[in-house]
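Report on the structure given below.
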Amino acid sequence: MLYPTRFDVIVVGGGHAGTEAALAAARMGCRTLLLSHNIETLGQMSCNPSIGGIGKGHLVKEVDALGGAMAAATDEGGIQFRILNASKGPAVRATRAQADRVLYKAAIRKRLENQPNLWLFQQAVDDLTVAGDRVTGVVTQIGLRFEAPAVVLTAGTFLNGLIHVGLEHYSAGRAGDPPAISLGQRLKELALPQGRLKTGTPPRLDARSIDFSVMTVQPGDDPVPVFSFLGSAAQHPAQLPCWMTHTNTRTHDVIRANLDRSPMYSGVIEGVGPRYCPSIEDKIHRFADKDSHNIFLEPEGLTTHEIYPNGISTSLPFDVQLEIVRSIRGLENAHILRPGYAIEYDYFDPRNLKSSLETKSIGGLFFAGQINGTTGYEEAAAQGLLAGANAALQVQGREAWCPRRDEAYLGVLVDDLITRGVSEPYRMFTSRAEYRLQLREDNADLRLTEKGRELGLVDDVRWAAFCAKREAIERETARLKTSLARPDLIPVADQERVLGKTLEREARYFELLRRPETTYASLMSLPGAPEQPETDPQVVEQLEIAAKYQGYIDRQQDEVAKQLQAESTRLPADLDYAEVRGLSKEVQQKLNLHKPETIGQAGRIQGITPAAISLLLVWLKRRDLAARSERRSA
């Protein structure tokens, strides 16, 4: 049966990628359908109960700046907030929150159900309908057909998912949910390049069976941070601490004695796991010289006794899991509520994607999230928003939005995926961004909200708040650059208190703010300082960063300007690189395989040398000269 309503965009999967994709397309005015095998699991946190972290928090802020839901839902469901790297420079500071699973999921569900232009439907998708080289819709498990010119596939770990506990295994998308076997088979038939990856999760513990008195308590920050640019600490529910304990030599002995029962080390699991979130057995094997590893006990919520022991993800048999847990200080009598497990799943080579996250081989079909080889809620949400927005733009006949590496961590993420591919689950870090000084958490809105407004992602409330903030920054910056501090009007004691030494001559307040030890608040406390100082902490933060890091930021912007020419020089999509004289066979093969969109992308493909880039530039120049000559003769 064909469903009577025709949609503009269909999103398959209701995880972090799918929910952001559906919300984005609907905000842009497209009739959007979100299909999930179970509406009750929309926005579910399948693994750890936390959002953010180094690099990841930057992505969450960018999603928020573009009108996405993740940051706001975290503010409503977050039960502990911290700023990581708070003592370091602003480029690497990152927000991280523990979230109440129930509250977070409810916040996402509320937004989905109240979003205009968005329809929800509970059915597993078994098939894609394709006409020629374009997707035309999907078919569910009961044979119900939905039609749309754009489909965003966000299948997570469900494609041919296989759960392992010891040497036992069974098909599942995650614990308690069925896998997407028919859909996985259909994608194989479409000849999309694919592979297998693996991830895992630790056993969950009952807090009532844990001795927290022997552990180190880890409270959240005070004052409590917020994630969304529109958020406030008043939105947060009650705050809870986390606790830290650690493994010991007995723990490690138990693991080593049972590695032959591990599906990872017995050859049962073929998929590659995440390097930066390894299982406890992988840690013991890879870091054999360490006799202890930290374990962080994270509460799952305000209304449950369930504890997430971050650091002991494992797929060992249950009896070994129990022995591991009870060898750890404070967990000697711990009761396991759910066993840990590993899950293998299909992913598709992201080098088969355009910068818009549309597949190169099937028009209108977009991939986002773990299907592209990434790991993490935040990476999924960012891809989902971009894929949903670009699906909507395509339906509306508008040009795709492909953020550059110097514009957003989202640009870094997508560029890494489509030019380099993945050999293991990809996780975002600040170190992956060469322009990270200008890609900070604190300025995500200044970088992206105007673009979001242009695309139709940003509503009137967010836009008004953003414009007010931007105007306040510009106004106060201008005032500081024109107001003079005169040493004859400021007592020597105040000069030394604020500036660390006396003023030798009059100076502009903006110049004084450049000094490392000087803050905006301390400057405004000087006698004769401009009246009515700015009180918005977000505005003050931008003033201080602009003053103290302007030289570094200017140098980075010069580097960006040099790189922009390569990023804006496009390569023909149908170019046969065998036609480019001088390229080696190896380079020709790689370029024909990856089909880079720009010279910049080509240069980031492994094995493509500067000499090869020079040959491409010569070819483009000759082509342009030939085209001009033809036009003149015509």
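Yeah, the Cβs are placed from backbone N, Cα and C, and that goes for glycine too.
Swiss-Prot lists G13, G14, G15, H16, A17, G18 with the feature FAD binding site, giving sequence analysis as the kind of evidence. Neighbour count (other Cβ atoms within 10 Å of the Cβ, all protein chains): 30 for G18 (FAD binding site).
Annotation comment: Swiss-Prot describes 273-287 as NAD(+) binding site. All chains included, 17 other C-beta atoms sit within 10 angstroms of the C-beta of H285 (NAD(+) binding site).
Cα separation, K283 (NAD(+) binding site) to H16 (FAD binding site), rounded: 28 Å. Fewest other C-beta atoms within 10 Å: among the binding-site residues G13, G273, that description fits G273. Within the same chain, the residues at least 6 positions away from S279 (NAD(+) binding site) whose Cβ sits under 8 Å from its Cβ are G200, M264, G273, S313, T314, S315, A342, listed in sequence order. Ranked by Cα separation from H16 (FAD binding site), the binding-site residues R275, C277, E281, H285 are led by C277. Taking the Cβ of H16 (FAD binding site) as centre and 10 Å as the limit, one finds 34 other Cβ atoms among all the protein chains shown. Residue density at G15 (FAD binding site): 29 other Cβ atoms are found within 10 A of its Cβ, drawing on all protein chains shown. The 10 Å shell around the Cβ of C277 (NAD(+) binding site) contains 19 further Cβ atoms across the protein chains shown.
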